[in-house]
Amino acid sequence: MKQTVAEQIHDLQKKLTEYAYAYYVKDQPVVDDAYYDQLYQQLVALETAHPEYQTSDSPTQRVGGVVRKGFEKVVHEIPLYSLNDVFSKAEIIAFDQRVQKTLGHAVSYICELKIDGLSISLKYENGRLVRGATRGDGTIGENITDNSKTVKSIPLTLTEPIDIEVRGECYMPKASFIQLNQKREEEGLDIFANPRNAAAGSIRQLDSKVTASRNLSTFLYTLADFGPLHVTNQAEALTHLDDLGFRTNQERAVCSTIDDVWAYIESFHDKRSQLPYEIDGVVIKVNDFSDQNQLGFTVKAPRWAVAYKFPPEEAQTTIEEIEWTVGRTGVVTPTAVMTPVRVAGTTVARASLHNADYIKMKDIRLHDQVVIYKAGDIIPEVAHVIEEARDSASQPYTIPTNCPVCGSELVHLDEEVALRCINPKCPALLKEGISHFVSRDAMNIEGIGPRMIEQFFNHGFVEDVADLYRLTLDQLLTIDKVKEKSATNMLQAIEASKQNSLEKLLFGLGIRHVGVKAAKLLAERFETLTQLSQATVEEILTVATIGPTIADSLVTYFANEEVHELMTELKAAGVNETYLGLKSQDVAEIESAFQGKTVVLTGKLQTYTRDQAKKRIEELGGTITGSVSKKTDLVIAGADAGSKLTKAQALDIPVWTEEEMIAALESKQNE
Ligand code: AMP
Ligand code: ZN
């Protein structure tokens with residue numbers, strides 16, 4: 001059953017589209033990330049070798065690449081509406097009374113969460129995405145087609161070949177927002193104030209690869225014109241959007257009374273902070289379309305809906321001190337130390353002030369009274385200073401000019417807002433670098449944390465990561481409170497790390513912009529650190545999803561003489577520099593055990609449950625059916641198998657034991 005290249009490509013495109021739909025639209029992944037990545041790399045390789053089979057809706061087309069000079073304008077023939085805000089139950093009751101007065105009867109409402117992102121509009125022709133646009137002022141927006149294709153929850157093809165224009169919210173999940181800001185802060189860049197700004201900034205990137213890297217998601221909730229759908233109310237419309245392949249928000253509820261509406265709103269006062277995305281309220285819409293039509297619009301907003309806005313969760317406190325710390329890349333970051341105060345369920349005593357410009361812009365001073373809130377519902381931020389509460393003797397805060405650790409002069413690099421210590425021997429940098437090296441996603445050396453590293457430094461045992469491999473038991477025992485047992489454990493953990501696969505070492509080196517994912521892709525492609533160190537920018541750019549920033553950073557890093565010394569020392573210490581993981585090419589072979597086969601499970605399985613076995617086999621390209629026929633390729637028989645086994649034997653169909661199945665499954669799992 002050998003597939004042609006065209007079939008293989010088509011098959012991979014179809015599978016990856018399905019897996020991505022399950023992951024990004026349904027939030028119910030059916031395969032693990034590593035497996036997805038492997039199939040993806042396989043598809044990239046095949047499509048690169050046979051570009052004639054690449055299609056515009058292939059999952060590989062979501063990585064972006066087009067760089068624009070500016071955005072074209074888009075005219076929304078049917079404008080995107082805004083919403084009237086309300087802030088209390090009384091205002092909601094008044095809204096309901098207006099609705100009832102106009103219509104002359106009571107109505108059902110549908111409550112939807114008010115997602116804090118930006119409005120977008122997606123146009124499909126014949127079921128294919130042809131245009132993405134921002135809301136702009138409601139009538140004129142910007143063409144963001146290339147960028148919208150990189151948002152994985154936006155279907156490139158619908159389940160029906162129809163012409164529609166769908167509208168909804170594009171947002172950045174809280175976790176992605178927090179990660180993005182953390183990364184930007186480490187890199188010395190300006191941070192986004194909240195997920196909404198981050199989403200807006202990300203969708204409006206001229207380079208669509210940047211948008212692709214930002215983990216945006218969407219909830220769609222309306223159509224420009226419902227004509228083609230034949231639905232009569234908003235609840236049905238949302239279900240229909242689900243069926244077409246869009247991601248809609250599942251928290252919606254139809255309420256027949258205002259008390260129910262209020263109960264829905266109240267339930268989110270608490271649940272709000274647990275949602276993976278930020279909301280700023282609840283939208284209450286008249287459910288029935290004929291009622292909506294009768295109510296109509298004011299100049300800018302529908303009369304059939306209002307947005308209830310949650311009160312802001314803020315608190316007031318005092319800035320006691322501003323601390324400056326040096327990060328791994330030399331960026332010096334200020335943190336406000338504040339009188340502890342409760343905000344949105346937790347006690348807050350510290351907040352990052354990000355950079356010197358931020359302090360100046362907000363004019364934050366020592367002993368100021370400030371209002372704080374949580375960005376992305378998690379990260380405490382200073383909203384603003386209460387100037388009226390300021391002492392008349394108060395002076396603007398003086399930004400330090402020297403490194404708080406080594407004392408060398410701080411600098412501003414081009415395009416950065418951050419202050420940096422650029423002394424390569426700054427102990428803060430070295431220590432942070434080692435902490436990163438031993439961390440879990442890097443070399444995973446357990447038992448050695450920042451405090452221990454501090455001790456290594458103070459004793460003069462360690463200056464760079466290669467020194468870790470020279471530590472001796474005698475040295476460790478001279479450290480206060482370190483006993484023989486923990487010292488031996490540390491040495492064992494260090495020893496064990498020598499066997500790590502290349503990607504862990506590569507990530508551990510802390511090369512700018514090289515994250516876990518990039519490290520994996522690079523390790524897989526270049527196989528050894530030495531080969532990667534000799535690669536050119538062009539060669540590195542052939543790795544899918546690796547862009548010029550990472551490529552330049554790597555080449556610059558490996559051009560450094562000291563890096564080569566470090567590599568030599570690590571090699572001499574016996575640290576493995578080779579990629580030990582599974583290669584994408586190997587997947588095809590391992591996969592073939594179940595690929596394209598119709599499999600029947602029978603009898604009692606011991607190790608796996610039926611469902612687990614089914615799931616794994618399906619992940620590996622097999623189909624599970626319930627009964628044995630001539631079409632069955634393989635029967636897996638557990639204990640006490642009955643008639644199905646007999647039938648398989650009669651039809652001469654291969655029969656495997658559970659052990660044989662496990663062997664085939666796990667050859668795949670040992671990736
Ligand atoms: P505002 O920006 O406060 O005028 O609120 C209107 C905006 O709320 C719309 O432009 C949408 O971007 C946004 N919004 C978020 N979630 C929803 C929703 N479920 N239904 C309608 N609008 C929503
Ligand atoms: Zn320093």
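Note that Cβ sites are derived from N, Cα and C of the backbone, with glycine treated the same way.
Owing to the predicted nature of the structure, the values given are computational and were not obtained by experimental measurement.
What TrEMBL says about this one:
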- LYS114: active site, N6-AMP-lysine intermediate (ACT_SITE)
- ASP33, ALA34, TYR35, TYR36, ASP37, SER82, LEU83, GLU112, ARG135, GLU169, LYS285, LYS309: NAD(+) binding site (BINDING)
- CYS403, CYS406, CYS421, CYS426: Zn(2+) binding site (BINDING)
- 589-671: domain 'BRCT' (DOMAIN)
Structural state census, the domain 'BRCT' (589-671) (DSSP three-state): 33 helix, 17 strand, 33 coil
LYS114 (active site, N6-AMP-lysine intermediate): secondary structure state under DSSP, collapsed to three categories: strand
Filtered binding-site residues, from ASP33, ASP37, LEU83, ARG135, whose Cβ is under 6 Å from an atom of ligand 2: none
Neighbourhood of ligand 1 - recorded positions from LEU83, LYS114, CYS406 with Cβ under 6 Å: LEU83, LYS114
Model confidence over the domain 'BRCT' (589-671), averaged pLDDT: 80
Cβ-Cβ distance under 8 Å to ASP37 (NAD(+) binding site), same chain, at least six residues away: LYS520
Cα separation, LEU83 (NAD(+) binding site) to CYS406 (Zn(2+) binding site) (Å, whole number): 54
Closest of ASP33, TYR35, LYS114, ARG135, LYS285 to CYS421 (Zn(2+) binding site), Cα positions, recorded positions only: ASP33
Listed in sequence order, residues not in CYS403, CYS406, CYS421, CYS426 with Cβ within 8 Å of the centre of the Zn(2+) site Cβ atoms: VAL326, GLY330, PRO404, VAL405, GLY407, SER408, LEU410, ASN423, PRO427, ALA428, LEU429
Of CYS421, CYS426 (the binding-site residues), the residue whose Cβ has the fewest other Cβ atoms within 10 Å: CYS426
CYS426 (Zn(2+) binding site) versus binding-site residues ASP33, LEU83, ARG135, LYS285 - nearest by Cα: ASP33
LYS114 (active site, N6-AMP-lysine intermediate) and LYS285 (NAD(+) binding site), distance between Cα atoms, whole Å: 11
